[in-house]
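Asker: Quick paste of what Swiss-Prot says about this protein:
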| type | residues | note |
| --- | --- | --- |
| MOD_RES | Lys215 | N6-(pyridoxal phosphate)lysine |
Amino acid sequence: MINSLIKLARINVQKLQPYQSARRIGGQHGDVWLNANESPVSVELSFKKKLLNRYPECQPIDLISAYADYVRLSTNQILVTRGADEGIELLIRAFCESGKDAIIYCPPTYDMYRVNAEIYNIKYKEVPTIKNTWQLDLLNIKLNLNSVKLIYICNPNNPTGSTCSKKDLFDLLEMTLNTSLVVVDEAYIEFLPKESMTLYLKKYPNLVILRTLSKAFALAGIRCGFVLAQKEIINILNKIISPYPISIPTASIALESLHKNYIKLMQNRVLDLNANRVWLINKLKKISSVKKIFQSNTNYILVQFFMSEEIFQMLWEKGIIVRNQDHKINLKQCLRITVGTHLECSRLIEEIKFFSKKYLKGV
């Protein structure tokens, strides 16, 4: 009987390979979590409101105003969402016709663009970035624009840590000005703020930006993100968003995090993580099992190893959880390592050094 009921699910959902989140893969295993690009330290914010018997505002005005000040945009250009992930989904639901329209995404990159397209039976076109430089392949994007409504660009990119050329982004926006929305996912932009595209929202009506409080703001646990776009696009998304997407505790904590004092603390954490990243890269360069370290502008690094599977498993057994990227296009033998505290990074280095000395006759 249960098999008959399962067949009631949409065919594309039955076939769907779900997104493998860090928690879904790793659960609570280990004590050093370097697999989800989270902040290694928590922030001291608290939920102050006590009245929880009323439904929350669909779009909390105070929170939108605070974020508008932070990004220097108008309040009517901002939508609050349950993390940037909801923004990815809303755009597909609002703009793509099932079985007719398509999206483009550029692997190796964040998988939720593809997963959401599959959920809603939207065709997805993969246009890989140029190997090793990870820049956009504009020629192949142009050749694949037929029926494409949305183009997702993660910048800085997860998992490579690279940034797109701004000229390429401008060229892409010009190329698709009247035909497609270019969605720039800026989840990690606080680590390289000068690369943000917010200044160009007025010039390019087809530009949409996704933001989150999960990374530099160290608030992954509250699930709060934002869509930044022209007010007309925000109005469309407001038509289909859940009636009460942002809980009262989430809105309260998010609002507090946008106070100027907490923004300064966030910026200081970014400086610390950037320094830890440089330290970690310099230490990894001296280890014989490391084949290549890709340049990163974020709170994680992509490293190609000799014996990557064995190193991944060894770290797992030692309670150090990193993200295996070997299955992704052009990322053979690559592991993605979140930059942790100095103590966590030191422990990681010691374990890899010990492994290398034992099995590769290296340092």
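Heads up, the Cβ atoms here are built off N, Cα and C, so glycines get one too.
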Asker: If you draw a 10 Å sphere on the Cβ of the residue listed as 'N6-(pyridoxal phosphate)lysine', how many other Cβ atoms land inside?
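Answerer: The residue listed as 'N6-(pyridoxal phosphate)lysine': 27 neighbouring Cβ atoms within 10 Å.
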Asker: Provide the three-state secondary structure of Lys215 (N6-(pyridoxal phosphate)lysine) computed with DSSP.
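Answerer: DSSP call for Lys215 (N6-(pyridoxal phosphate)lysine): coil, neither helix nor strand.
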